[in-house]
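J.: Take this structure, written in structure tokens, and hold onto it; I'll ask about it next.
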Protein chains: 2
Amino acid sequence: MRNFSLGKLFGIRLELHSTFILLIAAITGFLAIFDFPSLVPTLVLLFFLFVSVFIHELFHSIVAISKGIKVEKITLLPIGGISLTEEIPEKPLDEFLIAVAGPMFNFIVVVLIALLLSFFPQLPWPWHIFTDPAAGAEELNQALLDFPLFSLFWVNLVLGAFNLFVPALPLDGGRVLRSILSWRLGFSKATRIAAGVSTVLSLFLFLIGFFSGNIILLIIAIFIYLGAGQENEFAALKETLKGVDLTAVLNKKPLILKQETTLEEAFQLLQKKNQTAFLVETGNGIGFVSVDVLEGIKRSRWPVVNVAEAAAELPKISLTDSPIKIVTKSLSRNYPFTLVYSSGKLVGVIDEEQLRKFLKITKLNKESQH
Amino acid sequence: MRNFSLGKLFGIRLELHSTFILLIAAITGFLAIFDFPSLVPTLVLLFFLFVSVFIHELFHSIVAISKGIKVEKITLLPIGGISLTEEIPEKPLDEFLIAVAGPMFNFIVVVLIALLLSFFPQLPWPWHIFTDPAAGAEELNQALLDFPLFSLFWVNLVLGAFNLFVPALPLDGGRVLRSILSWRLGFSKATRIAAGVSTVLSLFLFLIGFFSGNIILLIIAIFIYLGAGQENEFAALKETLKGVDLTAVLNKKPLILKQETTLEEAFQLLQKKNQTAFLVETGNGIGFVSVDVLEGIKRSRWPVVNVAEAAAELPKISLTDSPIKIVTKSLSRNYPFTLVYSSGKLVGVIDEEQLRKFLKITKLNKESQH
């Protein structure tokens, strides 16, 4: 299932994650059939969740942009969002400020609503769940449906507190923990420790979720477990790339098919050379044709379409970019090649497969020397 | 976390899946702290589950072996087991018989216990949960802890019925469904349909599990979803390989390092050629040295250990084997090479990477012609 694009804002692409769509669809369907009266209040609650997660991420992004970090896109998940930045902030203080910015928005909403209530105590508000010591989960759930202002308050309180106070990567609390550790220990070691803490926490949350039957907790535990693993891998990659010269994997004389080559001819060549992708000339530069590109075009058209028309775009990097930026860009979204420029001129290409092998060998070389 | 090996039986390796170990550890720890009196009866219940899953798988395997299919290993999961066979039975009737054999064992146990009870009605047995219409989940759970004979009965009833009557791959019921569809539609189309049914069923189970808070159901839904996807991929691979000649990817003159080459020399060569694995001579044949193999040996020993000592084993195939057998063997467990024999003589090697590319191109070629 694919994510749903919501358009662009400040140059940042906005996406709704497929699980968010699935959740809305499932809840709407379920309530429409089995509990029609709660349908509208539940959708209001989901709307508040959506808006709060969105502005939370926007706060992260604005601080990131102000620190000179480009934000590519924001993906909204039901349990929070993810801002995809091109790089992780180098300075611990920057990471700290970016991490706390999101929850700060949620806490601002909470404080504003509290202030509003203190001036207008007659506003509709479920005072009984605060005053009645016997009120439990059921009363809370009912109040969330009955009092929209309260549900906005509650959503922001939970989002802010959960993201800031659980010290697990990839949550904001984990980033705060890492940024503090980074001050003394450096980025790599700080990430290893923070990822270790996250893994232990996720197992703990999983067991609590399992034995108490709390499914949301289980999903969060899995999310943290996988996310912490990714952060750890990224830190290891950064460690591997320290002082590495990537020109070793630069192919200066790559094979590039001429733009008038037909797709059928290109496919014959793929078969003959047992290769899954080729560089091709396009009208205004260089792109690629691969098995995946060919799959999208009817076989009957292969003899009449040329590679320039079918070519897909390639990422571009500069030789002066940092190795970690070059590698993350080259390996993002499984591009087969990356175009390498120096002073505006194409100087060669990096083959994704060659790069992966180079990284494996470099990692072994570094680690074996300790 | 790694699976736990239990040894060999009839030439079949037996493994306990890591989730089974985790479940036992988690339940034991939880009960030891919070509910000590249920600890022993719960472990008895888990033991019955373990034995029943095990013999269930053994019944599958015995019928498979009698049909000439080699069974490599049995992995025990808490919700059932997996018998890893070298190939999927070609004849629908064979697959049908192998699939029903496992649940049949469970039903035999159920029937034997029922017979035993009818002859000895004074045996300890929770008659009240059968006669009392008000008895619910709580009474059932208590009875499972209080009456060992009943828990053996219940475990086998649930295992047998669940595996046979849910028509979803990779459960036995899904295999029965596919074998019946295969009679008329052939293996590939039958798998596509059965995998489609399984995916729909898994989403359905997921939603029920989500809204009823039943975590076991959620885990089973995920298991079915992933398993059905794998079966579908396997069927697509089989379709791709129909009539394909794999000698196209056979390297008849591979580079093989001499046995006296040191690991340090081999590593220099890996770096120079940007390759992650090499074939090497061993005393009695050919093995390989790779980044992973080197990772397991201290750097200080690389200059004094030679490749023959460090070499890992490679899978062997015969050119007369069926393409699907060759490919599944070559791609199992990420071996970098497969040795190819003809009339007992080595005729070449298949490179895993080359094979994967060849399969991608062949698949595109076949699919684009429809």
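Here the Cβ of each residue, glycine as well, is placed from N, Cα and C on the backbone.
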J.: A:His56, A:His60 bind Zn(2+) in TrEMBL, but which of A:Asp146, A:Asp172, A:Asp245, A:Asp292 does that record place at the same site?
T.: A:Asp172
J.: Given the recorded Zn(2+) site (A:His56, A:His60, A:Asp172), which additional residues of the same chain have their Cβ within 8 Å of the Cβ centre, ordered by sequence?
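T.: Apart from the listed residues, the neighbours are A:Glu57, A:Phe59, A:Gly80, A:Gly81, A:Ser83, A:Ile98, A:Ala99, A:Ala101, A:Gly102, A:Pro103, A:Phe105, A:Asn163.
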J.: Would you list the DSSP helix, strand and coil counts for the residues of the domain 'CBS' (A:249-291)?
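T.: Its residues fall into 13 helix, 17 strand, 13 coil.
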J.: So what's near the transmembrane segment (A:39-59) in sequence-distant terms, Cβ-Cβ under 8 Å and 6+ beyond its ends?
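T.: For the transmembrane segment (A:39-59), the sequence-distant neighbours (Cβ-Cβ under 8 Å, at least 6 residues beyond its ends) are 9, 14, 20, 23-24, 27-28, 31-32, 74, 76-78, 80-83, 101-106, 109, 144-146, 148, 151-152, 155-156, 159-160, 163.
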J.: So how many other Cβ atoms are close to A:Asp172 (Zn(2+) binding site), meaning within 10 Å of its Cβ?
T.: 27
J.: Is it possible to get the count of other C-beta atoms within 10 angstroms of the C-beta of A:His60 (Zn(2+) binding site)?
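T.: So the number of other Cβ atoms within 10 Å of A:His60 (Zn(2+) binding site) is 26.
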J.: List the residues of the same chain that sit at least 6 positions away from A:His56 (Zn(2+) binding site) in sequence and have their Cβ under 8 Å from its Cβ, in sequence order, or write 'none'.
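T.: Sequence-distant Cβ neighbours: A:Gly80, A:Gly81, A:Gly102, A:Pro103, A:Phe105, A:Asn106, A:Leu159, A:Gly160, A:Asn163.
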